[in-house]
Amino acid sequence: MATLSDIALAAAINILSAFIFFVAFAILRLQPFNDRVYFPKWYLKGLRTDPVHGGTLMRKFVNLDWKSYVRFLNWMPAAIRMPELELIDHAGLDSVVYLRIYLIGLKIFVPIAFLAWAVLVPVNWTSDGLANSKLKNLTSSDIDRISISNVQSGSQRFWAHIVIAYAFTFLTCFVLLKEYEKVAAMRLHFLASEKRRADQFTVLVRNIPPDPDESVGELVEHFFLVNHPDTYLTHQVVYNANTLAKLVKKKKKLQNWLVYYQNKLERTSQRPEIKTGFLGLCGAKVDAIDHHNAEIDRLSKEIALERDKVTNDPKSTMPAAFVSFKSRWGAAVCAQTQQTRNPTSWLTEWAPEPRDVYWSNLAIPYVSLTIRRLIMAVAFFFLTFFFMIPIAFVQTLASLDGIRKSAPWLEPIISVPFIKSFIQGFLPGIALKLFLIFLPTILMIMAKFEGFGSISSLERRAAARYYIFNFVNIFLGNLLTGTAFQQLDTFLHQSANEYPITIGTAIPLKASFFISYIMVDGWAGIAAEVLMLKPLIIYHLKNFFLVKTEKDREEAMDAGSIGFNTGEPRIQLYFLLGLVYAPVTPTVLPFIIVFFGLAYVVFRHQIINVYNQEYESGAAFWPDVHVRIVIALIISQIVLMGLLTTKKAAQSTPFLIALPILTIWFHRYCKGRFESAFVKYPLQACLNCFHG
């Protein structure tokens, strides 16, 4: 069980790590040869060029202006300085609304922390529940004296926790209501003021029923001329062109090599030669320019043949089409209505913008989507619950007891106070963090297999599953396995009717593990985000070995994106931990506030200077964000009810039953009041927008 000294050591390690990351970032970002790594967004927008430094060769690689190093943290105020409206123009609404999630965390947890430390901490600290507990063998630490565990069973002091729980609920709901209203207004204004784009007038139609007398294209044209005669403009049938796409990609690669060899010819006045064998290491020598011209001509012919095959082969035609209309109003009417009596055919939805379309999945037959999603649901179930086994194993090895059992010869080393504090306060968090590295990739592969047609929907599905995984394995899994391992001796030496009391007392004691995890993931992890060590190394390796042309240099820049599928579930875990532990162990709250504040500054900087968002959905993800915070709030209320029940507060616990009911009612109100703005587009707004 981690003590305050263990937590203090872990905090010192993580603060030092974060400081080192920030200093390294401040130095590296100032070097001219790293400019494309730390400011790629400005290069992609064409608003920044490679820095030019006159003088010695060293100045081309190293910044020798010592004054710039003195202001090494000036990027923080610069990140906050850009106004929100300007940031929307610069980065899009998705990025700005994503940042607002961090602001919500601050708006909720700063006042909650003030209330908790002003009211609950004195109530808990002045109690003597742990000292007078009948469970003498129960493992606890000094950090638990300011948690609900220290309140005597049956005490009237639990009324303070109940009143504060109501205050926390009303505060959280008020912040969520105002943010939902604000984001909905921002979305509608953003969509109405966007520049004219084809996807604003286009609908994606899927599951077009087959007709033996007409092709899919003829069927689509006939259907919309009959049912939307005044607004239908044109259509484009979806083809299975995945093979064609591979050929085009291969041709672009050859064209890039051709440019490289042509540039080499201009520099050296000698025609370059290459070997045609494996990786250019063996085979006959040929003229590089002539060889690539011949290969490009050959591929061009293959592409033309494949294009004709795709266009004329009925098997390549998918029962789906993009249908464009003369006005936004016409597109909105089609996208938001049922087209036929059969609700499973002629399914319409707003077409994603071109950057958002995941073209590979458009070739998947609609009828197979249900089967694919069922398979992935079963696979995700087993992934989630079987993952508990290795997580529990790793967490056990990362504890003092686990090390003593698996490697008893290390006993003299782990008995050293510093090493002991390091293991208890830092090692469990870093072990869990490392164990989850490959999970986002697995979940994204599963989402792609399910057949979603846009990148945004892929990321939202992966985020939803990541959230469930975090809840089951990181939250519940660590509570249950932690309680079972740490309190095993106590369970074996007590009567069965004392089990509920032990569980109710032991759950708050797991707060020290989550504090460790927050510091590793939310402090040092966020600071490492701004350093971008992996993109830095990859860029310089590519620049040294692979970059041949200016286009290669641009592609070597890994601008990345906000990564909604990984970032949003991480935020939601902190909302869950904060809301659950706020009335139970307020010690967690300062660590969470630091995370939200630091993450807001870091990601605002990254969005301004680095991330190049792949798509723009107009903050369509916001209903998911809202409902997950509401779920975390309900879970916190249920946990508190369970704890008070085990604490023999039978007279006061029933007063908490109203909280989940009120919270569910609040969610239904918000859903009915605001959610339609994220799934539909008002016809009134369409009439006031562009017309074709």
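Quick reminder: no glycine exception, Cβ is built from N, Cα and C everywhere.
The feature domain 'CSC1/OSCA1-like N-terminal transmembrane' is assigned by TrEMBL to 9-179.
According to TrEMBL, the domain 'CSC1/OSCA1-like cytosolic' annotation covers 200-361. Computed over the domain 'CSC1/OSCA1-like cytosolic' (200-361), the whole-number mean pLDDT of the model equals 87.
Under the heading domain 'CSC1/OSCA1-like 7TM region', TrEMBL lists 372-644.
Positions annotated as transmembrane segment by TrEMBL: 6-28 (among others).
Annotation source TrEMBL lists transmembrane segment at 101-120 (among others). Long-range neighbours of the transmembrane segment (101-120) within the same chain, counting only residues 6 or more positions beyond its ends whose Cβ lies under 8 Å from a Cβ of the stretch, are 148, 160-161, 164, 167-168, 171-172, 175-176, 179, 568, 571, 574-575, 578, 582-583, 586, 589-590, 592-593, 595-597, 599-600, 603, 625, 629.
TrEMBL lists 158-177 (among others) with the feature transmembrane segment.
Annotated transmembrane segment per TrEMBL: 374-398 (among others), in sequence order.
Here TrEMBL flags 418-445 (among others) as transmembrane segment.
Under the heading transmembrane segment, TrEMBL lists 466-485 (among others).
What TrEMBL lists as transmembrane segment is 514-533 (among others).
As annotated by TrEMBL, transmembrane segment applies to 573-603 (among others).
The transmembrane segment annotation in TrEMBL covers 625-644 (among others).
Residues 101, 104, 148, 158, 161-162, 165, 168-169, 172-173, 176, 179-180, 467, 504, 507-508, 568, 572, 575-576, 579-580, 582-584, 652-653, 656-657, 659-660, 663-664, 666-667, 670-671 of the same chain lie 6 or more positions beyond the ends of the transmembrane segment (625-644) yet place their CB under 8 Å from a CB of it.
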